[in-house]
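Database features, via TrEMBL:
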{"type": "DOMAIN", "residues": "1-252", "note": "domain 'Histone deacetylase'"}
{"type": "BINDING", "residues": "ASP33, GLY83, TYR238", "note": "substrate binding site"}
{"type": "ACT_SITE", "residues": "HIS75", "note": "active site, proton acceptor"}
{"type": "BINDING", "residues": "ASP110, HIS112, ASP199", "note": "divalent metal cation binding site"}
Amino acid sequence: FHSADYVEFLHRITPDTQHLFSNELARYNLGEDCPVFENLFEFCQIYAGGTIDAARRLNNQLCDIAINWAGGLHHAKKCEASGFCYINDLVLGILELLKYHARVLYIDIDVHHGDGVEEAFYFTDRVMTVSFHKYGDMFFPGTGDVKDIGEREGKFYAINVPLKDGIDDTSFTRLFKTIISKVVEMYQPGAIVLQCGADSLAGDRLGCFNLSIDGHAECVRIVKKFNLPLLVTGGGGYTKENVARCWTVETGVLLDTELPNEIPENEYIKYFAPECLLNIPNGHIENLNSKSYISTIKMQVLENLRCIQHAPGVQMQEVSSTQLGANYIQPLMSQITCLGGWFLIFDVSQSHAPSQGEGTQREGACGSFEGKLQCTMQSKYWYCNWLFFRAGSA
């Protein structure tokens, strides 16, 4: 997917040498929102490698659900970085899934439009992209109008749900369920990729929605009920303690495990003080999404869905990895075994909650990437603390 020259530049640029490449920095949109930092390429290898391997495990039926909370960097483009996204792991994961599935559904609940993924598949009907996001008021990245529906063979296969400030749980989850249920009915995907950006939560430093963690997690619950191969990633999130809370609860949802609201004692408990609770209060931003506005958006989306070919067919054939751009992916994967990409693989065919000393967690072949996510199990519950405090994907 990514151009070879762009990947090669990411591989060799360092903070100490960037002053020598001012033209290339401008060409590849590096700097400001996409700074060059130490071990940048290693960072890309870790999160992109996790998503690619997660997709491969789904393809090989080694699991039903694969989670890479370090992934979900949805703004990166073919030849440039954007919004703290350098390599678009979601596109690479979807390309991997397309080797085994005729149709893949991509769903994005980050507060920012999933523009990089939409752009990558704008001209094909083999991937349907559905993005729920804030739109207007010069909000980054400025794309994602309801009228943007795809082109050529991809016409009507890009779905955008533009929202205004302050949307709450009730409005968001009702709209999400209505649209996604119809999408799955009409499109009949073979697999789903769900980007769970946590900057759509109330209280996010860059967000402007009023979603609680329960409301955000309800979207995950809705998607899980379709019982399709599911790849779940993280994404944006700029109030780090709430990001950890959110993805902990959603890990529980994917494991059919209800977690108590009290966070157990651990070495990172100070980040969640003084309440030390999983749930966060709803936001108090004025909800500018009137019932009439929500109804209009819903009707426009459903009308566009009526225009698509029901479950479009595709002639499946053996596709070489080179054709799918593996020559660009390989540099990302070349060192992933020794670097260790941290991700979780869950086999939810075992519906019971894990008891003490038992679990359905299976560590990825790449090994545990320590310092990125800490999982501690007390009694039968998993608690996840997001420890790598990066300025996550916008």
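Residue numbering: from 1, along the chain as shown.
Using N, Cα and C of the backbone, Cβ positions are placed for all residues, glycine too.
Positions of TrEMBL features highlighted on the structure.
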residue	record	Cβ neighbours (10 Å)
ASP33	substrate binding site	16
HIS75	active site, proton acceptor	30
GLY83	substrate binding site	24
ASP110	divalent metal cation binding site	29
HIS112	divalent metal cation binding site	28
ASP199	divalent metal cation binding site	26
TYR238	substrate binding site	18
By Cα-Cα distance, the member of binding-site residues GLY83, ASP199, TYR238 nearest the residue listed as 'active site, proton acceptor': GLY83
If you pair up every Cα among ASP33, GLY83, TYR238, the residues annotated as binding substrate, what's the maximum separation in angstrom, rounded to an integer? 14
Can you tell me which binding-site residues out of ASP33, GLY83, TYR238 are within 10 A of ASP199 (divalent metal cation binding site) by Cα, answering none if there aren't any? TYR238
Rounded to an integer, what is the Cα-Cα distance in Å between HIS112 (divalent metal cation binding site) and TYR238 (substrate binding site)? 12
To the nearest Å, how far is the Cα of ASP33 (substrate binding site) from the Cα of ASP110 (divalent metal cation binding site)? 17
